[in-house]
């Protein structure tokens, strides 16, 4: 209520002081909203849900579909048949942007447009907090990382119409490769650069990248497509060196920073790459970095005009859900809450590393030495691999059956064809990695109990393999795994021989 309404309400109460007290309570919420709108930054301390909901309702009544006297005679007037659906979206129905520019203001939806602009501003603030201090522009896009990368490549097409090659240091993740293949209808051709093995780590072959640019001709290269966050033993690119090469040859540089916002090391690499060389845009997933539902990404960069060009390449207006989800989350956490999550993630990485190393030693395996990877770890499975050709893949199945998600088991010799391109040693980021291994990662939101339960279940699987091997038996089939729910909740599975 405004001042006039509060004044009118005083006449209905026996004691006007009570109404003034209520007005002061309302004023406290409004001061938070005012500070947010004036500063455009994530609040230091997280907001309570009542303040967030008040803000969202204030935004919603600014959209035409919620006007009391609205008369819509067009084909897209924010009509929603289900009240449940309307409430689920806080009655923010029109979406964001306009046809042909996702960042444009929608005349029918002042509230949704404000939400979109504010979300982009807050996310930009968080990217700076996470380590990329000189980033100047970003926008939330309602597509996951792969399609967001494609949008960047399509934008570069207009700037370099004769260029066709995308130079890509290999990382075995399908959406990364498909982001380039999807744009291949315009004549793009991915050029895969194999990694080099240094100790246990797979690192960027800088010499091969530069040699390929010279071979193809810099004018024919659309961009270099590099990666920060990745599964060990692959480690983040030598980003500074790649950025220098791109600057020297005047070639655009697009960085896949899928889950790198949570890593100070990945963000530092981007900051340094932009400082010493060239990085045109870096893309990160919303769900992986901000713990919201899958389906959104952030495209960010150091040149406002280029980031705006990318937003204009988006072919339609769009749903606001991704923006709404991340806005609610960051307002709930505040800067202090997000910093705490980043701190806890680092602590969990150290804890997971030390405990996984201990477990590996018990079973005559070892934790691969990958100091340049700040998120993912890998443990060898050499002894399991010697025991049986199928043991390694069965271990992965057993872990999944035991409700361990996210762990990856990578056998030797696997191959995969993606859009007519065959990757040898698929999932290991190289044709011939020396050993089979298991991946585990410490990502934002992970708790100590997650690490402990994972290690407990992994050890049970390893113990079973050791027991079967000593008895000279075959490796147990996964079909023999059953649930034990005798205590009323899901427990570890038991293997029955």
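Cβ atoms here come from the backbone N, Cα and C positions, even for glycine.
Predicted automatically and left uncurated, TrEMBL annotations should be read as such.
Here's what TrEMBL has on this protein:
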BINDING   76  pyridoxal 5'-phosphate binding site
BINDING   98, 99, 106  substrate binding site
BINDING   275, 402, 467  tRNA binding site
MOD_RES   288  N6-(pyridoxal phosphate)lysine
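A simple Cβ count within 10 Å picks out one of the recorded positions 275, 288 as the most packed, and that one is 288. For residue 76 (pyridoxal 5'-phosphate binding site), applying a Cβ distance below 8 Å and a minimum sequence separation of six or more within one chain yields 94. Of the candidate recorded positions, 275, 288, 402, the one lying closest to residue 106 (substrate binding site) when CA atoms are compared is 288. Ranking the binding-site residues 98, 402 by the number of CB atoms within 10 A of their own CB puts 402 at the top. For residue 288 (N6-(pyridoxal phosphate)lysine), the nearest of the binding-site residues by C-alpha distance turns out to be 402; the candidates were 98, 275, 402.
Here the CA atom of residue 98 (substrate binding site) lies 47 Å from the CA atom of residue 402 (tRNA binding site). Looking at residue 275 (tRNA binding site) and residue 98 (substrate binding site), their Cα atoms lie 34 Å from each other.
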